[in-house]
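J.: Provided herewith is a single structure, encoded as structure tokens, for subsequent inquiry.
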Amino acid sequence: MKPTTISQLRRLKETGKKFATITAYDFSFAKLFEEEGIGVMLVGDSLGMTVQGHDSTLPVTVDDIAYHTRAVRRGAPHCLLLADLPFMAYATPEQAFENSAAVMRAGANMVKIEGGQWLADTVRMLTERAVPVCGHLGLTPQSVNIFGGYKVQGRDEAAAQTLLNDALALEAAGAQLLVLECVPVALAQRITNALSIPVIGIGAGNVTDGQILVMHDAFGITGGHIPKFAKNFLAEAGDMRAAVRQYIAEVESGAYPGEEHSFH
């Protein structure tokens, strides 16, 4: 198996072919995901909730991310591996560079950071120093205390325009990918069409170039509130490997996410 690259994802965008990605936190699931055809994985700070049992992502540290990144890389040596920089790990460009180095030494190919055009200088600095960056806009969980909860973003025109401007600014600064979370389908379409870099959606309809799900949502083992955009593929498929294959197939065909998983 050849490694998945950002160039391959760009070609998929150019040819209109969708791709599936998923969060991974350990060796065994990462190995399963790669064996069943997932080429892009994220060691997300969502591990604070799904693995550590916190009520938000805020307690997660760089050391936590690095630990899980090493485990995932051992299980999936060929995947394009993204790693979140957690809360307050990129408050300054210098801090972002130091912490990016830590997670890349652990095996990440790219770091993901949450925020808009105010991060352009950080993205530019990291890119110039050979650290590929994935942006993250819309509902950014590290900002949950600012948003007042987990809410759909960009529903009015002013907010939508701000998100579009943020996306363009991140791309201009050198971002290689963009995650777009919990935004109306029409806005996701505008942003996906406006950018030359691949856009990965979660709660953004089936109009983005790729999709990502938290693995616990895909297997129906999330405790507490289940997001509208989540689908339990395990319930339909019957076993984990078949569930992963079904997830990939439905993303590639555009069947998932459906209208019932989308916001307007």
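Cβ coordinates come from backbone N, Cα and C, glycine included.
So Swiss-Prot lists the following for this protein:
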| type | residues | note |
| --- | --- | --- |
| ACT_SITE | GLU181 | active site, proton acceptor |
| BINDING | ASP45, SER46, ASP84, LYS112 | 3-methyl-2-oxobutanoate binding site |
| BINDING | ASP45, ASP84, GLU114 | Mg(2+) binding site |
J.: Provide, as an integer number of angstrom, the distance between the C-alpha atoms of SER46 (3-methyl-2-oxobutanoate binding site) and GLU181 (active site, proton acceptor).
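T.: Their Cα atoms are separated by 13 Å.
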J.: Rounded to the nearest angstrom, how far is the Cα of ASP84 (3-methyl-2-oxobutanoate binding site) from the Cα of GLU114 (Mg(2+) binding site)?
T.: 9
J.: Provide, as an integer number of angstrom, the distance between the C-alpha atoms of ASP84 (3-methyl-2-oxobutanoate binding site) and GLU181 (active site, proton acceptor).
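T.: Just about 14 Å between their Cα atoms.
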J.: When you tally the Cβ atoms that lie within 10 Å of each candidate's Cβ, which of the recorded positions (ASP45, ASP84, GLU114, GLU181) has the highest tally?
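T.: Within the set of recorded positions, the most crowded position is ASP84.
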J.: Of SER46, LYS112, the binding-site residues given in the record, which has the fewest other CB atoms within 10 A of its CB?
T.: SER46
J.: Please report the DSSP secondary structure of SER46 (3-methyl-2-oxobutanoate binding site), reduced to three states.
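T.: SS state of SER46 (3-methyl-2-oxobutanoate binding site) = coil.
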J.: Could you round the CA separation between the residue listed as 'active site, proton acceptor' and ASP45 (3-methyl-2-oxobutanoate binding site) to a whole angstrom and send it over?
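T.: Cα to Cα, the residue listed as 'active site, proton acceptor' and ASP45 (3-methyl-2-oxobutanoate binding site) are separated by 14 Å.
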J.: Centre the Cβ atoms of ASP45, ASP84, GLU114, go out 8 Å, and tell me which other residues of that chain have a Cβ in range of the Mg(2+) site.
T.: GLY44, SER46, THR57, VAL60, LEU85, PRO86, PHE87, LYS112, ILE113, HIS136, THR140, PRO141, GLN142
J.: If the 3-methyl-2-oxobutanoate binders are ASP45, SER46, ASP84, LYS112 per the record, what's the largest distance between their Cα atoms, in Å?
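T.: Looking at ASP45, SER46, ASP84, LYS112 as a set, their Cα atoms extend up to 12 Å apart.
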